[in-house]
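What TrEMBL records for this protein:
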| type | residues | note |
| --- | --- | --- |
| TRANSMEM | B:25-48 | transmembrane segment |
| DOMAIN | B:93-282 | domain 'ABC transmembrane type-1' |
| TRANSMEM | B:97-120 | transmembrane segment |
| TRANSMEM | B:127-149 | transmembrane segment |
| TRANSMEM | B:161-182 | transmembrane segment |
| TRANSMEM | B:203-225 | transmembrane segment |
| TRANSMEM | B:264-282 | transmembrane segment |
């Protein structure tokens, strides 16, 4: 989970200008920087560049006697012709469409509530963050039981609240419901992070603005609409973008609970990639998927910069 | 005239106060509802892990008995807490703890050193390295693991602890977090120490690091959660129990025909304990520095 905004600070001036250099000091600095640079090069830059190369070869998972051949964009064409890839892209889009209002909306509402001077608010802040530190696999164990069909807790609660009018739902077994069920447990797990980010955003709005608005006779709703919302614009963009990127990387929940089923209704891009690479053992093909995934994430990140620049004025 | 205005304002204040009073009530009610939604699944997990009979667990799920256990037992924990054998969740837990400790330990050192040099060093390429680090941040883990799997298997690193630790020690995000934290400290700190003849490493080690507890706590928690919850990477690079982390082991409950919920619940509780302890230990610093360092727009 990421809560920083490095792209923005890229232009920020470095802490202080370079000064008189002497050799011993230079060596020390290089020595302190070297481990990070070496590790990032070996485990991030090299595999990243390799993924572009592998994507254009017929690299298998297990080495074969026949040499690996360069096949150009064949892998990309094959993926773009594969219905399952488009289904997985459609599924993560559906997931994004649901998770944004559910998770971010809930996080925003909770942050607004906890920003008030309510009793025990620090306790609640800590409490609401608990699911976020819970491993996704544990979340799957918990929600796997909550989703039990037909007499699991969730169905019981819904039956009780609707006085039996709503029939039990086969949360994970019904293709119409499976992705939405994944949305529910994902939102439950991750919304604490967004809540904290929103709290930070709310604390960043100076009190003087509220005082000034009050003196001008603005009511609570006007203060919210004309002070809080504009003040939170960068936060909104950040939260929406991070959540969207996370959504496109959806994997663990689906791999543990549904394996992409039923009837491919929860197949995701990363799950599709892992299956291609490790079950079908076509690493070249899987690398092509990973390149496409990277491009999607890159576009979203660039979109964020553009949006922020527009808002920043 | 002024009396009239004053009393009008007073009335308004009074009205606003009573409105605030009822608003508070609604707000508190909302918070309690959210708390119920957040906490009840976790509470259910804890309760179910103390029940002996897996069929009973499922039967209880449909009623309020899901939140109550009449004769709590630790037998599930005894069953899964072995150090070897079929249900060696004790071992997987220790594996995960070892991976967590090494990743966070090395990660704090490596990333903070780099962040410090980027903030206060005199190297000529600092600005360039910093912008490369920031650019690297965009690359998702998911899109590099395919070639990475080939690399580590060629290097004979599969099924080791190292393969689960070393690749994730250095991270653009944490280097940047440390950079940002160090850069905002006053430059007099650095200059005074330099005047006294302290070396760069010495200044980092004895002056800046002790001042960076909030940053260290934040990075520890974020890195710890990340290392603890790794799932995709370990399933690709571990085949035997030797270095298998507990997340992967718990997921195998789902592969069986009928799920042993009692054991799955107990193993899940086991998995929550260490990360919960880490969170509670660092929470004080975490929330303040998190709030301080998150999006500034």
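Glycine is treated like the rest: Cβ placed from N, Cα and C.
TrEMBL labels come from automatic prediction, so no person has curated them.
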For this session: Answer yes if the transmembrane segment (B:264-282) and the transmembrane segment (B:127-149) have at least three CB pairs under 8 Å among residue pairs 6 or more apart in sequence, and no otherwise.
Result: no
Exercise. Hey, which of B:25-48, B:127-149, B:203-225 has the most Cβ-Cβ pairs under 8 Å against the transmembrane segment (B:97-120)?
Worked result: B:203-225
Exercise. Near the transmembrane segment (B:161-182), which residues from the same chain, at least 6 beyond its ends, have a CB less than 8 A from one of its CBs?
Worked result: 95, 98-99, 102-103, 106-107, 110-112, 114-116, 118-120, 130, 133-134, 136-137, 148, 152, 208, 212, 214-215, 218-219, 222-223, 226-227, 230, 233-234, 237-238, 243, 245, 289, 293
